[in-house]
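To keep things clear, I will list the structure first and then write my remarks on it.
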Amino acid sequence: MVISKRAGGRRAAGGAAAQAAPPVNRGIAKADWREGFKKPQAGVSDMTLLTQITNEAVNDNLHKRFSNAEIYTYIGNVLISVNPFRDLGIYTDEILRSYRGKNRLEMPPHVYAIAEGAYYNMLAYKENQCVIISGESGAGKTEAAKRIMQYIAAVSGDTTGTGSTSSGIHTIKDMVLATNPLLESFGCAKTLRNNNSSRHGKYLEIMFDANGSPVGATITNYLLEKARVVGQIRNERNFHIFYQLTKAASPQQRELFGLQGPEAYAYTADSQCLDVPGIDDHADFAAAFEAMRIIGLTDDEQMSMVRMLATILWLGNVHFVENAQGDAELANPDVTAFCAYLLEVDPSAVQRALTQRIMETQRGGRRGSVYEVPLNPTQAAAVRDALSKAIYNNLFDWIVARINRSLQAQSQTAASVIGVLDIYGFEIFENNSFEQLCINYVNEKLQQIFIELTLKKEQEEYAQEQIQWTPIQYFNNKIVCDLIEAKRPPGIFSALNDAVATAHADSSAADNSFMQRTSMLSSNPHFEARGSKFLVRHYAGDVMYNVQGMTEKNKDALLKDILNLVDSSSNAFLIGLFPERPDPNSKKRPPSAGDRIKASANALVDNLMQAQPSYIRTIKPNQNKSPTEYDTQAVLHQIKYLGLRENIRVRRAGFAYRNTFEKIVQRFYLLSRATSYAGDYIWQGDARSGCERIFLDTGIARDEWQLGVTKGFIKNPETLFALETMRDRYWHNMAMRIQRAWRAFMRRREESARRIQRAWRRSREGHEFLELREYGHQLLAGRKERRRFSLISMRRFMGDYLDLNGSSAEGRMLRASANLPPNEPIVFSARAQLLVSRLGRTSIPSPRFLLMSPRAVYILVTHLVNKRPQTTCERVIPLSTIRQVGLSTLRDDWIVLQVGTDEGDPLLHCDFKTEFVAYLLQQTGGRTHVVIAPQLEYVRKGRKKAHVSFRKDESIPVGDVYKSSIVSVGSGEPPTSVSRPPAKKLPRSAQPSTKRRTTSRPVTSRRPVPTVLPTTTASRGLPPAPGGTASASALAVPTTSTVAPASSASGNASGARHVPAPPPVSGGSGLPPYLQAPATSAPSSGMPSYLQRAVPAAPTAPAAPAASAAPTAAQSTSGIPSYLGSSTTKLAPPVTVQQLGSSSTAQTRSVPAPPSASATPAVATPALAPVKAAPLPPPPPTGRRLPRYRALYDFETQEAGELPLRTGDIVELEEKEENGWWLVKKGSTEGWSPADYLELIAEPAAAKPRPPPPAKPASAKPAAAPARVSQSSVTSSWTPPDSHAAPVAVMPGMGDPGGFAAILARKKAERAAAAEQAHVPE
């Protein structure tokens, strides 16, 4: 037994490797079963793929996707969003993360994809970005803007993708997100079309540093609908904050500001809509004040804001009555007094400001005179409402400015900006006034931007760059924008300003003046005057505007009385809301509301034109806010005025990306070897040729790009995304090259170190086991004969041979059977036999499992329970109870453990007895006494003393035999023997053994390998010996070639192959130690049984003929088998079956011959002379076959180590166990199978040898040898025939007496005689 590692180590390692090996997929991803359950896609996700480009086809595609809960659709890089009016669960953090780092084509359409594209382009191209969200009121613009901000806040500043950011960046993100609930509360309201309609425009610019981290933000406010503060139409509401405050104010706020429910105030109750489904005013109020805290508003500022809101609510409850003179009087002075308390002014000042108007004459003799003019109730109510609107409008502006101050305080120098525009959508009501005109005007400007950038500018650029292009017709709404904002000819805003300037005192007169001036606009096809109304044909539809009150709203100037009232207040916050005062000495007309909205819209357009836009076009599916209704006609109208059909046409015919040659080269020069080297720009030509070289080297199809005069164009976004991916991977590839070189260097250095360590460990490997082995020698102290395998150089004390400390199935089973805790180690485990007493009969050894832990010795036994083996713990012997251990003086394997208990002393038979004793003494600290004697005494069960004697019996070659208290055993090695020195290492082969050639060609060797002729015995071969070693006759490799007839070859009439004699070697026996026979003819006592079976007995030599040389006495007693040749012949080393091309029954290992004593003398054998008719020796005995069995039933394995069987399988029996389990072998696989499943197969009787053919005259032509076909299908290797060598039987079974070898000898003699006659002179 040669052991170099702990038992089970290789198996465990192999098992782990096998489990860790990934499946081979050859680049094909495993199919996901969940794909069969995915929701089928409805319509097309990108409408540029529509087969028909019509408004109806676009509408039908949007309808399909809306019905399938897919609200987002692309037109190229434009996102179309249909308001679902419900939560679809598509804005979770998981979905948000899935869009990070993905281009538009990798994921389904989503608002997150637009946000990711804007953020990526900002970082990649260092250009400002903006997201323009347009659509009519209630289409979902505010929600889209919130999701854009949510995504940017989530991904910005986190370059690692782990979500970790610095505290400053995190603060900026929180503040940016906090602006949404705060501005929604103060700037949104319920309308007939939208429950959360934005009643103001907002452009949020988020500033980023060079690393993409947010460093600040700015909000620009556009045209708050302040008229909503003082009045709404039926079923609409005031701004959300009024309902939130009146419903959810704290007790302190209610007590301090007299707050009541919304039904108590005229400004909130007159529209008869206090609650809205889906809106929680209490939760929104808490969110608004939490946003104030995040942004940084102090408690005093928050209380001042609540005071102003309460002032507005109480001002709405001030009513007027007409006195006898027709002037206005206060109907409820108490309310006015409470308003004065809130404004912190004198109550009389409030009364005068609301009921009187101070006028100062500007002309005439009384120039500069001041008059107090009383107001009628209508005029007083207008002054009251003007004060309320002014307070709320200025409060909203203060909130925006306060937010900007908080965000800018954290900002540094911004490198890039992303803007998000959330503005009111296009509105058409029954009564449309000045507010709707301004809102629709801003939407016309946004539509003009869309047309300029996506339709007009793109086509103009193609013409300027001389790009092949087919023009697309579209509607340009510039004519509508000029109708509203132009000065020459004057537009609607200019006409309003002129009317206010000429008739400023009377609003009705100003309205009439305005209608007269609109006659100059009748030449515009998009304008039509109709009495007191006028119609404007907007891009989104025709809108009829009411002129009444429009000039007054356009004037938008506070009375001097109101400003004086504010100045008299002691509230600094209120005074701060009105910082601007008109200059009384200035003759310049103050700007009107129309002027301000026009200036703001043009400034917004300038900002948007300086950034790279991304578009989101929102669509409202129905007017009832239903999640299931889809109004085909209403959506079709929106599709038409949004110009989606024209957008699709331009997108399909245009180019997705264009940029100057310099920027393209700057961006992508890394992708061409001609333009870059190691990251440096090396192109010597101009930018245009460099751009062309990049496109050519990256393999882009020629129809995918064009070069203009100053710019390069890429047609499809897929191409651009591919270039971006290649660029992103460039630095990764460079880094991987450096890493690869570094790893190769480190690997070489580490491998060198490991080689040194390996060499050191190899010299020290198993040192502890060797020391334990030497300790075992010391325990025996030269008093016990040794077995040969106990002394081999590689014999080490491994201990746990059953792998209880490992993970094998058998080890786990034994550990469970012994009830061992998982943390208790096993120092020794092996199979053993226990002497079991039988009533009235002699005791017999019975198989057991022998285990030893640091605290006890365990003896386990296996029984059959219901025809199934079951292992149980038979006995546990604590180490402290073992008084002494008894061993004999001979080489047997018996051990006596004297424990002194009623159960008796166990008498064990174990192959590793010395190792067991060494471990036992090691665990007990040497306290256990070791007795070595020729007769051992032990106690049987019941404290009956017994003896066991040991004697030598040379007829027992291997092992020992117990019978009647006597153990018979052969002679062993001397007691003073020591372990053999380590064997010298064999030189390594030039290539791994797995790569050696295993073909049927001859094996190249310095020494020839004998060629074996096929016979019945040789073709079958011997079964492999236990332990995996093939028998000697298994090396007899059969051949598939038949014997050629005599006429087939001229040089060799018989056609037989000659076996060349091995070259002689001077001195020594010439045999390796593993092939030398012992000096005596008796088998060696130390030879294992499986080696004795592997070497067949030498055949009996017949009487030599007179012509042949007689063998010497030394030859006959050398003990070397005749088939191995003479002792003076140097034999070839063992050859594996793979090298010989053997059949499947042969093993791949070389066959070791029995070792011999070193004292065997070398005997010379003379060469065999050719004879005429030499009688051949009888055939050697056929090698013993293992009995064969047939499986009667199917057997499925339950545990590792069992061999599965199918009915009819043929197996060979290797070992029988008494527990009903047999060790069998099927092919090259062996394992345990139940004996009841097997049936013995009767072997056929051996065929008698064929008699020799009759002798023929010498002159006759020799007959050809009968051809015999080998039973094997494998062609053996062969050596060239030697005409001077005598035919001999090299291996047993290669030739029959008087058979092929006799024919060869006779033919050779005939040829020699014929040659002599030919040379005799006549």
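Placement of Cβ uses the backbone N, Cα and C atoms for every residue, glycine included.
Looking up the ranges 149-174, 747-772, 1137-1162 in Swiss-Prot, the one annotated as region 'Disordered' turns out to be 1137-1162. There are 25 other CB atoms within 10 A of the CB of Thr142 (ATP binding site), with all protein chains counted.
Below 8 angstroms of C-beta separation, residues 678-679 of the same chain, each at least six residues beyond the ends of the domain 'IQ 1' (732-752), sit close to that stretch. Summarising the environment of Glu136 (ATP binding site), the number of other Cβ atoms within 10 Å of its Cβ, over all protein chains shown, is 24. Per-residue confidence over the domain 'IQ 2' (753-778) averages 79 (mean pLDDT, predicted model).
Listed as Cβ neighbours of the domain 'IQ 2' (753-778) (distance under 8 Å, sequence separation of 6 or more from its ends, same chain) are residues 4, 795-798, 914-915, 917-919, 921-922, 978-979.
The ATP site is set by Gly135, Glu136, Ser137, Gly138, Ala139, Gly140, Lys141, Thr142; from the centre of their CB atoms, other residues of the chain with a CB within 8 Å are Asn83, Asn194, Ser197, Gly425, Thr618, Lys620. Considering other CB atoms within 10 Å as the measure, the emptiest surroundings among the binding-site residues Gly135, Ser137, Gly140 are those of Ser137. Counting every protein chain shown, the number of other Cβ atoms lying within 10 Å of the Cβ of Ala139 (ATP binding site) is 25. For the binding-site residues listed here (Gly138, Lys141), the lowest count of other CB atoms within 10 A around the CB belongs to Gly138. In the domain 'IQ 2' (753-778), the DSSP tally of helix, strand and coil residues is 24 helix, 0 strand, 2 coil.
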